[in-house]
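Copied over from TrEMBL:
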TRANSMEM  20-40  transmembrane segment
TRANSMEM  52-71  transmembrane segment
TRANSMEM  83-102  transmembrane segment
TRANSMEM  114-140  transmembrane segment
TRANSMEM  152-173  transmembrane segment
DOMAIN    372-574  domain 'Calcineurin-like phosphoesterase'
TRANSMEM  670-688  transmembrane segment
TRANSMEM  724-742  transmembrane segment
TRANSMEM  754-773  transmembrane segment
TRANSMEM  864-890  transmembrane segment
Amino acid sequence: MEKVRTILTHTYPYPHEHSRHAVIAVAVGCLFFISSDNIQTLVEKLDNNIKWWSMYACLFGFFYFFSSPFIGKTIKPSYSNFSRWYIVWILVAAVYHLPSFLSMGVDLRMNLSLFLTIYVSSIVFLLVFHIIFLGLWYIGLVSRVAGKRPEILTILQNCAVLSVACCVFYSHCGNRAMLRERPLERRNSNWFSFLKKEERNTWLAKFLRMNELKDQVCSSWFAPVGSASDYPLLSKWVIYGEIACNGSCPGSSDEISPIYSLWATFIGLYIANYVVERSTGWALTHPLSVKEYEKLKKKQMKPDFLDMVPWYSGTSADLFKTVFDLLVSVTVFVGRFDMRMMQAAMVHDGNQQGDLLYDHLSEKDDFWFDFMADTGDGGNSSYAVARLLAQPSLRTLIGDSVVTLPRGNLLLIGGDLAYPNPSAFTYKRRLFVPFEYALQPPPWYKAEQIAVNKPEVPGGAELKQYNGPQCFVIPGNHDWFDGLQTFMRYICHRSWLGGWFMPQKKSYFALQLPKRWWVFGLDLALHGDIDVYQFKFFTEVIKEKVQEDDSVIIITHEPTWLTDWYFNDVTAKNVTHLICDYLRGRCKLRMAGDLHHYMRHSHVKSDGPVHAHHLLVNGCGGAFLHPTHVFSKFKKLNGVSYECKAAYPSFEDSSRIALGNILKFRKKNWQFDFIGGIIYFVLVFSMFPQCELNHILQHDSFSGHLRSFIGTVWNGFTYIVEHSYVSLAGAIVLLIAAYSFVPSKLSRKKRAIIGVLHVSAHLFAALILMLLLELGIEICIRHKLLGTSGYHTLYQWYRSVESEHFPDPTGLRARIEQWTFGLYPACIKYLMSAFDVPEVMAVSRNNICKNGLQSLSRGGAMTYYASVFLYFWVFSTPVVSLVFGSYLYICINWLHVHFDEAFSSLRIANYKAFTRFHIKSDGDLEVFTLAVDKVPKEWKLDPDWDGETRTPQQLSHLRRFPSKWSAATSHQDPVNTVKIVDHFVIERTQKNDCDNAVNEPVQ
């Protein structure tokens, strides 16, 4: 007997609620019915006028570019679903007015009116059903699993699919399947008979005659299920259909309409499937074979990583909170309250060694340690780096030689632990989750518990006796946005970051390493410098502990040597004073993050003193990528010349990557739509409507049209400047924002020029889009395709043919109207009006052009501008992203400004790196920077990790395979793709290094 296992699947979504089978069936049915028409005849009737085809090209082009970002997997389902139905709504509403469909003999009005009617009826019916079913669950007549309410969006989508199916059937079959006589041969004739052996030739011939095949399908598969006499109890509630006859039919039959049969079938299938699943719980628990169980387990077992932060989102609550926290921190904490002062006050003189100075690693042999910074952005990138850090060893190449690099005994993190702001959510999901997946904390560790008496060494031993990996962290500017509260709670008052033990108690520290090496971790806060108490602590350590031939590594969050050069500023004066006047040549390496790339500058040998021998930036710990080419001309710091020895990515690759702002800005930042569309609409708000467009349309040549078009755009610009209020105010606000957006490193004149050019590009793009939209409406109005009747044209047409196509001999509709107090026809009426946005826009436009805007009521004016915005938003959002992305590309590659803004928009998860150090037996420091060019996007449960035997209390760093997830494809796994991008050796400090720097002035 086959072994089976029971697995609990997700309680939601249920298969029927998100099944794609109905959508696929409807799509296949549409293709079949369309292909069954006489294609040759339709092609011959296509409209050849270039004007209409140009309009089609513009319309579909804009809608395609608007929809293109929502095709990828990175888009949230909620917004993706909204955009899909939104696009279908306004695109169909626009297309059905254009003449090409009419010239092909296709009238969409019946389909649209029928769709909306069935759609509303289906929604009401299913809502009533769900309310009744929930009532039965409440009183206990169905099982407990029925209590999960379905999503409203799911009901709307199901109703839309079945309504489309009914419309397709009716438009291609109608009621032709209904005959008064139903002879036996008609019942037995169906298109499966084509498969009989003796009729193979007939089958091929009939297959080529698609019209006949369609008629067979209509008459066989969609034949009526009976008459009213067959269902006497329901005879007053059914919808009757017309008799299949030539010309007008004298009366209605008692046959049930096939469209009602099809609708009832779909509704019945939905209800039956829902009741079975929700009342029996079959969808929740069912037996699986061992093979199916393992396959489903692998599919379900995937990490729940967060996407990279959308820095250009207009709807992100995290970003608004970040701005608020930053304003509070700058205005309240900076200069008024500093958490570092409180930390200094909490350090007792007798306990300073345990709070800020750590020497428990100084006697280790063959010591390795790692440095990384700026993690906690995208889950994939953060975990990729954490997975590399957690491996017992990494094998890679240096030239042609294979080297093995053991895991670091110590991990140093250079700040910015989670983006965009420090909170419990971001620290847990963006920082702790990736690191815990890479190296699990001890089994007894409880994340919610506060470490009171740090360091809480496992087993109660002394800190020197713990041989597992340890971690020390300095805060970055993002960690200071809440005044360092979250950092203190999760770093200084917790004992474990994944499997890395954290003895740290304060936000800054001094570490004594083997072979007379030191690490000073400095906390710059939001000041960009260390405070006086911190300065006092480090100077005392230097005087009392650091000997003349010791070597010191300074870690700060911000690489002030690069940022000061870039912004032409002087910051971190206390840090410079500490290095130049106290360490005096013993600072062998300055390290920092903040810039999310890797760059190393080494001093150029000269006769003068060298205060810091090497300058290293490595902020590739998991955040978005920063460029390197904008810092390529940095040469000097404190009078010492430096040379760039390594850059990752290279200057050429960095410049090439910036091109993505033109091509990928909107796909990466689709949330920017909410800002860009509104901005463009405000810029041209006063220009709607354009009533005088004869001078553009009357030209015969394309060049004449173009000259008139450009002239009208310029006239629109002058109108905004001279007469507009709303648009001019929007342009001025945008100009102020554009000027402020330009980095302050440029002069005011250059900032003004760049701001004016930037706003001008947006303004003229908005004017062009406005005029294109107005021209399209004007052309349709002149050809009587729009604005012919009124706001309720579609409903009036539907009422005129309702009795013909859907007779109601029992007066059912009249009774429903009476029972709903007129709500039933009113809902259909206004739903059709809301659907037909182009008609509402055209009618309102005609009224404004004839009688002025004052002729409309306030509600009428709001309706007009709302209808215009619905289309203008779609047209403008791809353009505003294109203009803004082009602006960022020009600035970053030509002017070398906006390095942060131009690369945060790309949200690049690739090019991740960390630096591994080895203190050699002779005291020299060997440095390896390891990197992966491409970060995997798909992960699976690592079979080696899952299959490795382990004891219940075993620490994860003792495991051979410590990381839970590996890349879905092995050749993309970071362990297999890691490479060395920089390798150098720092010699230990000699006595003459210190002697040469004595009493030398700082330049």
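Any Cβ shown, glycine's included, is placed from N, Cα and C.
Here the transmembrane segment (52-71) does not touch the transmembrane segment (114-140). Their Cβ atoms form fewer than 3 pairs under 8 Å, with each pair 6 or more residues apart. Across 83-102, 754-773, 864-890, stretch 754-773 shows the highest tally of CB pairs under 8 A with the transmembrane segment (724-742). Within its own chain, the transmembrane segment (864-890) is flanked in space by residues 62-63, 65-66, 87, 90, 94, 658-659, 661-666, 669, 672-673, 676-681, 684-685, 688, 758, 761-762, 765-766, 769-770, 772-773, 837-838, 840-841, 844-845, 848, 856, 898, 901-902, 905, which lie at least six positions past its ends and keep a Cβ under 8 Å from the stretch.
Outside the transmembrane segment (754-773) by six or more residues, the chain places 58, 679-681, 683-684, 687-688, 690, 709, 712-713, 716-717, 720, 731, 734-735, 738-739, 741-742, 746, 868, 871-872, 875-876, 879-880, 883-884, 887, 891, 895 with a CB less than 8 A from a CB of the stretch.
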